[in-house]
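In what follows, a structure is listed as structure tokens, so that the remarks can point back to it.
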Amino acid sequence: MGKLENASWIHDPLMKYLNSTEEYLAHLCGPKRSDLSLPVSVAYALIFLVGVMGNLLVCMVIVRHQTLKTPTNYYLFSLAVSDLLVLLLGMPLEIYEMWHNYPFLFGPVGCYFKTALFETVCFASILSVTTVSVERYVAIVHPFRAKLESTRRRALRILSLVWSFSVVFSLPNTSIHGIKFQHFPNGSSVPGSATCTVTKPMWVYNLIIQATSFLFYILPMTLISVLYYLMGLRLKRDESLEANKVAVNIHRPSRKSVTKMLFVLVLVFAICWTPFHVDRLFFSFVEEWTESLAAVFNLIHVVSGVFFYLSSAVNPIIYNLLSRRFRAAFRNVVSPTCKWCHPRHRPQGPPAQKIIFLTECHLVELTEDAGPQFPGQSSIHNTNLTTAPCAGEVP
């Protein structure tokens, strides 16, 4: 997330005589501290507190509640883990560099770690969002197939591939980064000038950024958009069909509410990550920097940084706002002994019609219009039918 260079983008062939090393270093690298350090740091601190607490709660409720251990929620768990990595490991480095643009004190290993971390979580996040969208598409459009194939064991295998691919594809950008020193005209290194930046030819960096932005943002978001469009058509078609009292029905309210929540998650994800990729692509396509271009880039860079970290904090808020089941799980984890923190049981309504959840193992997830369910509650009312556990699942 850090800038590759600062004032050195703009080549000054008539470098004037400077009286001190500090002035010379400031001429080469720009100011040591960003003008927006204080307000951005305050924003980052708020995002850090909300994001860490929220994502820890997400992980806890999924781990502790058996009813939430579904394939879709495993992907959301992966997304929460990547958000925690960014907030706990990436944000402190970002704040430090905001107040001390140079020197970089953590050496080559710290530089490699920083670059690999941001690249890995960037790729893992978009791949997790893509996989959960594909799972939702299969559950909506091909429910029988989802019942047979969408298992927790399969989700774990896919997540292993997601993180493995993310680490592998982070290596190209990581390998071209390193510690770079500024030099005096006589060739000696300027003290305190170490920065973590690109050390290979810039065309290599530009090519990597353009390729990864296409493979890990433009292409996945296009696929996700198509999938949610098809899901919307299917849900709209189902709503237009007249209810058949004899036919077996799918629990459409739950299916629709889960899809709505995931759609909002994807939409917010796209909004938050678009500035990040605009920032990277902007830098990669500019060949000759001017003061106006540098000013525009610096503005985009600050905005992209705030939105990048904001994306790591908003997901738990989305779950809490749009998922009754998740709100109940939150309350159960935060204050399990507080009787006022849990919703009262609703009065028993009229008998419900017989409903079979054709994709029960997949669709009973974070959201449920019928209210929160925990172990001991039943999803089928007034019916003698029983449901068998999904293949590969624990009852």
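Any Cβ shown, glycine's included, is placed from N, Cα and C.
Database features, via Swiss-Prot:
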- Asn6: N-linked glycosylation site (CARBOHYD)
- Asn19: N-linked glycosylation site (CARBOHYD)
- 42-62: transmembrane segment (TRANSMEM)
- 75-95: transmembrane segment (TRANSMEM)
- 116-138: transmembrane segment (TRANSMEM)
- 158-178: transmembrane segment (TRANSMEM)
- Asn186: N-linked glycosylation site (CARBOHYD)
- 213-233: transmembrane segment (TRANSMEM)
- 258-278: transmembrane segment (TRANSMEM)
- 294-314: transmembrane segment (TRANSMEM)
- 374-395: region 'Disordered' (REGION)
- 375-387: compositional bias 'Polar residues' (COMPBIAS)
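Within 10 Å of the C-beta of Asn186 (N-linked glycosylation site) there are 5 other C-beta atoms, taking all protein chains into account. Across the candidate stretches 42-62, 158-178, 213-233, the maximum count of CB pairs under 8 A to the transmembrane segment (116-138) is reached by 158-178. Reduced to three states, the DSSP call for Asn186 (N-linked glycosylation site) is coil.
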